[in-house]
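Novice: As annotated by TrEMBL, active site, proton acceptor applies to Tyr23. Annotated active site, proton donor per TrEMBL: His103, in sequence order. What TrEMBL lists as substrate binding site is Asn74, His80, Asp87, Leu104, Thr105, Arg114. Here TrEMBL flags Arg18 as site 'Transition state stabilizer'.
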Amino acid sequence: MTTVLIANGPNLSRLGTREPEKYGTTTLDELAALCMQWGSELGLEAVVRQSDDEATMVGWMHEAVDAGWSVVLNPAAFTHYSYALRDACALVSSAGLALVEVHLTNPHAREEFRQTSVISGVATGTIAGFGTDSYRLGLEAVAARVHER
Ligand SMILES: O=C1C[C@@](O)(C(=O)O)C[C@@H](O)[C@@H]1O
């Protein structure tokens, strides 16, 4: 089965209680279980991780390249300023692996600083604003690309 890394950035461990009016009430553990279920329905093995640490996330992108994993990435606040994570994401997409950027909220409808993504330019595509369904749609996009190969 094809493995997909679902990588979550800073503060997403607090899902469920973090600004629930914006991010919903689903916890990260619940989201991980949903992703594993959606993944298996799509013929994908979902590996779900979260870190508040930029270097750790850069290392995960290197691991994805070496292992041939596609990635569904919610870079969280790193979206807006982490050139290190952007460069690591470019390694994934330039290796021909799908790198789908996802967001629970629609950053374009929020504060000005959220309207810039330094990741989008090297992502295969971006899905934002559909709550936890953004992840499901991200997995569907990966599955469509993997199965057309
Ligand atoms: O932490 C997050 C979550 C987020 O990536 C989202 O999923 O909507 C949007 C980011 O602006 C924010 O920093």
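Cβ atoms here come from the backbone N, Cα and C positions, even for glycine.
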Novice: If I restrict to non-local contacts, at least six residues apart, and a C-beta distance under 8 angstroms, what lies near Leu104 (substrate binding site) in its own chain?
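Specialist: Spatial neighbours, sequence-distant, of Leu104 (substrate binding site): Lys22, Tyr23, Gly24, Asn74, Gly129, Phe130, Gly131, Thr132, Ser134.
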Novice: Between His80 (substrate binding site) and the residue listed as 'active site, proton donor', what C-alpha distance do you get in Å?
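Specialist: About 12 Å separate the Cα atoms of these two residues.
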Novice: Within 10 angstroms of the C-beta of Arg114 (substrate binding site), what count of other C-beta atoms is obtained when all protein chains are considered?
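Specialist: So the Cβ neighbour count for Arg114 (substrate binding site) comes to 17.
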Novice: Go through the recorded positions Arg18, Asn74, Leu104, Thr105, Arg114 and pull out the ones with a Cβ less than 6 angstroms from some atom of ligand 1.
Specialist: Asn74, Leu104, Thr105, Arg114
Novice: Just to verify a number: CA distance, Asp87 (substrate binding site) to Arg18 (site 'Transition state stabilizer'), in angstrom, no decimals.
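Specialist: So the Cα of Arg18 (site 'Transition state stabilizer') lies 29 Å away from that of Asp87 (substrate binding site).
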Novice: Using only the residues recorded as binding substrate (Asn74, His80, Asp87, Leu104, Thr105, Arg114), report the maximum Cα-Cα distance in Å, whole number please.
Specialist: 24
Novice: Identify, in sequence order, the residues in the chain of Arg18 (site 'Transition state stabilizer') that are 6 or more apart from it along the sequence and have a CB within less than 8 Å of its CB; answer 'none' if there are none.
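Specialist: In sequence order, the residues whose Cβ lies under 8 Å from that of Arg18 (site 'Transition state stabilizer') (at least 6 apart) are Asn11, Leu12.
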Novice: For the C-alpha pair, I'd like the distance in angstrom between His103 (active site, proton donor) and Arg114 (substrate binding site), rounded off.
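Specialist: Taking the Cα atoms only, His103 (active site, proton donor) lies 11 Å from Arg114 (substrate binding site).
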